[in-house]
Every structure is written in C-alpha cells, then in structure tokens.
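Asks: Residues or ranges marked as transmembrane segment by TrEMBL: 60-80, 142-160, 172-190, 215-236, 257-278, 314-331, 343-367, 373-391.
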Amino acid sequence: MLCRCRSASKGFQHSTRSPQLRQWLVKRSQSTITAEVEASSAQAAAAVPNASTNRIVGRWLLGCSGLVVGAVVLGGITRLTESGLSMVDWHLVREMKPPQSQAEWEAEFSKYQQFPEFKIMNHNMTLPEFKFIFYMEWGHRMWGRLVGLAYILPTMYFWKKGYFTRSMKGKVLGLCGFVFFQGLLGWYMVKSGLEEKPESHDIPRVSQYRLSAHLGSALLLYCASLWTGLTLLFPAHKLAETRHLTQLRRFAKGTGGLVFLTALSGAFVAGLDAGLVYNSFPKMGDRWIPDDLLAFSPTLKNIFENPTTVQFDHRILAISSLTAITGLYLFSRRVALPRRAKVAISLLAAMAYGQVALGISTLLLYVPTPLAATHQSGSVALLSLAIWVLAELRKMPK
C-alpha cells in the first residue's frame with residue numbers, strides 16, 4: 001500500500017509538471033482575479049454619490065437656476081406693465097386657479113377697486129384691461145410655485161437615492177428654504193403697495209426697499225444654484241499658483257461683487273421709476289452733477305429715496321462695472337489660463353459693453369417695456385458670466 005501511494009504521488013507530481021496542466025492553472029487564476037476586480041469595480045460604480053450622480057445633480061441645479069432667471073424676467077415685465085398689484089390677496093393653493101366665470105371675474109375686479117392703485121391711477125380701467133394685468137401677476141406667481149416644486153421634489157428624490165454628500169445636503173436644504181423665504185418676501189413686497197397712505201401724494205407703488213430685497217434674494221438664490229451646479233459639472237483646473245493668478249482671482253471676485261451691486265441698484269431705479277427722471281446721457285440734463293442730487297434731508301435718505309440720486313448711483317455703478325470688467329479682461333491676457341476660462345472672460349467683457357448700450361438706449365427712449373425687460377435680462381446674463389469666470393478660476397480642492 002505504501003509503495004502504491006508513493007507511486008501515485010510521483011505520478012501526480014509528474015502530471016503537474018506537464019505544460020498543459022500548468023497553463024490551465026495559470027489561466028484559471030487569472031480569470032478568478034479578473035472576476036474579483038470587475039466585481040469590486042462594479043461595487044465602486046454602484047456606490048453613490050459618484051461622478052455620474054454629481055453630473056445629474058449639477059444639471060438639475062443649472063435647470064433650477066434657469067427657472068429662477070425666468071422668474072426674475074417675468075417679475076420685471078410684471079413691474080414694467082404695472083401689473084404687480086392686481087392680485088390683492090395671497091393663497092398658496094386656492095389662487096392657482098384663476099377666475100373662470102363672469103361673476104368670478106367681476107368679484108375679483110371688485111376687490112381690486114377697493115385699493116389705492118385703482119382709486120388713484122386706474123379708476124377708468126375696464127374689466128378686459130384688468131384681466132390683462134391680473135394674468136401677468138398670476139403668471140408670475142405660478143412660475144414661482146413651479147420654481148419651488150423644481151427645487152423641492154428632486155431634492156426629496158435625490159436625498160432618498162443617496163446622491164448628496166453631507167455638505168451637499170446642507171446646501172440643497174438652504175436652497176429649498178431660500179425658495180420658501182423668497183415667496184413670503186414677494187407677498188410682503190406686494191402688501192406695501194396695497195396700503196393706504198393718506199400723507200403721500202405719490203402714485204401707489206411697492207416699497208423700493210422691499211422690491212430690492214425681493215430681487216436681491218432671487219439673485220442670491222440664482223447665484224448659489226449656478227455656482228453649485230457649475231462646480232459639480234466642471235472640475236477645477238490644475239493651474240500653476242502664481243502671484244498673477246492670485247491677483248486675477250481677487251480681481252474677479254471684486255468685479256463679480258460690483259456686478260451684483262449694480263444689478264441690485266437697478267431694483268431701486270425700478271421701484272422709484274428713476275429711469276424717467278433724466279433721460280439724457282452722458283450728462284443728466286445740462287449738468288454732470290444735477291442740482292437736486294442731495295435734495296432730501298437727511299443726506300443719507302437721498303441714496304435710497306431720491307430718484308435723481310438713485311439714477312446717478314446706478315450710472316456710476318454701471319460705468320465702474322464696465323471699467324472693472326475691461327481691466328479684468330486686459331489683466332487676464334498676462335496669465336496662462338485654460339481655453340474655457342479665456343472664453344468666459346471674453347464673453348463677460350462683450351456682454352458688459354452690450355449691457356451698457358442697452359441701459360443707455362433704455363434711458364434715452366424713456367424706458368419702453370421691451371427694451372427695459374431686455375436690459376434687466378442682460379443684468380442677469382452679465383452676473384451669470386461673472387459666476388462662470390469665478391468657477392473657472394477657483395482653486396483645486398485639497
């Protein structure tokens with residue numbers, strides 16, 4: 001028995017030395033390793049969040065920012081057509097259905113007739129004319145609800161799927177909360193135009209402070225959504241950290257802040273109808289500095305409540321923004337930048353000159369609605385390009 005086992009062992013050892021068996025064993029081990037690698041790769045790909053889910057979230061945020069732009073533009077047209085005070089109450093769900101029958105329209109018109117805008121400005125308004133301004137304001141409010149749903153519903157879905165990192169969860173919760181705050185702020189703004197003001201001899205209008213807060217919060221929501229979406233879709237460039245690049249980043253941040261401030265000052269111009277005060281350029285009337293620039297007392301009040309000062313400030317801010325963007329473009333020529341960053345800065349410079357031309361044309365032609373709406377849209381486009389430039393110049397995450 002012992003001899004037989006030894007001979008069998010020798011036979012097995014001899015068989016393992018055969019080339020065919022060794023080749024088969026090598027192939028089998030390689031296939032096993034390959035299967036394990038593929039399984040681990042599949043598990044890594046299935047883990048979320050990953051690059052694919054980041055692209056999905058980035059596109060969603062860019063889509064949301066586009067809807068915010070639509071709300072800003074539609075709000076500007078509503079303001080220019082003096083339609084914002086046509087709906088005199090606010091209901092989250094009930095007002096989603098506009099009046100249908102003749103009796104419902106007459107009841108809605110009757111409510112509008114009880115407020116200062118009808119009594120002072122529109123006392124000769126007919127029901128068809130009221131329907132136009134009502135539908136303008138109703139469309140703006142419904143668009144706002146669409147924006148809210150576009151933020152909240154995908155947030156719930158992506159959260160459940162695990163598409164958000166811990167930091168991203170905080171960001172999207174902040175964006176959704178800001179959307180809700182924006183809706184409340186809009187109604188708070190409208191209420192200021194519905195109040196009786198016996199001491200005032202001015203036409204009924206919303207508070208320019210509340211209008212600026214409403215526009216400013218919409219622009220902040222837009223900038224935050226756009227920035228987050230761009231950073232998810234486009235990875236940061238590996239740039240050589242030089243002194244010129246650091247200066248360019250600082251220059252770009254300051255320029256972006258100046259563009260935002262100029263857009264916000266436009267809300268004061270709209271709120272006070274300051275575009276109808278001095279319709280000449282570059283001088284205001286026959287003077288570079290008008291006589292009534294500081295007509296109100298105390299002096300600080302002029303900055304926010306004197307239409308002449310508000311228009312003067314908007315001019316100064318616009319010219320300063322144009323100068324800063326031109327300087328940013330020229331300085332960027334001295335820095336080695338990727339092609340996409342150069343394109344962003346070039347488009348920013350081109351848009352700045354186009355926006356200034358739109359503003360001057362709007363002023364000289366006494367603020368026609370189509371041109372004024374285009375000018376307001378141009379301010380958002382300019383701000384968008386400034387955000388894009390900042391996203392292209394951002395540092396690599398550590």
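Every residue gets a Cβ built from N, Cα and C, even glycine.
Situate these features within the shown structure.
Replies: Residues 53, 56-57, 60, 63-64, 67-68, 70-71, 74, 96, 169, 172-173, 175-176, 179-180, 182-183, 186 of the same chain lie 6 or more positions beyond the ends of the transmembrane segment (142-160) yet place their CB under 8 Å from a CB of it.
Within the chain, the transmembrane segment (215-236) has long-range Cβ neighbours (under 8 A, six or more residues past its boundaries) at 54-55, 57-62, 64-65, 68-69, 71-72, 75, 168, 171, 174-175, 178-179, 181-182, 185, 260, 263-264, 266-267, 340, 380, 383-384, 387-388, 390-392, 394-397.
Long-range neighbours of the transmembrane segment (343-367) within the same chain, counting only residues 6 or more positions beyond its ends whose Cβ lies under 8 Å from a Cβ of the stretch, are 80, 275-276, 278-281, 318-319, 321-322, 325-326, 328-329, 332, 337, 374-375, 378-379, 381-382, 385-386, 388-389, 392.
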Asks: Sequence-remote contacts (6 or more beyond its ends) of the transmembrane segment (172-190), Cβ cut-off under 8 Å?
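Replies: Answer is 64, 84-85, 87, 90, 141, 144-145, 147-148, 151-152, 155, 158-159, 164, 206-207, 210-211, 213-214, 217-218, 220-221, 224-225, 228.
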Asks: Do any residues of this chain, six or more beyond the ends of the transmembrane segment (60-80), have a C-beta under 8 angstroms from a C-beta of it, and if so which?
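Replies: 136-137, 139-140, 143-144, 146-147, 150-151, 154, 158, 175, 211, 214-215, 218-219, 221-222, 225-226, 228-230, 232-233, 270, 367, 369, 372-373, 376-377, 380, 384.
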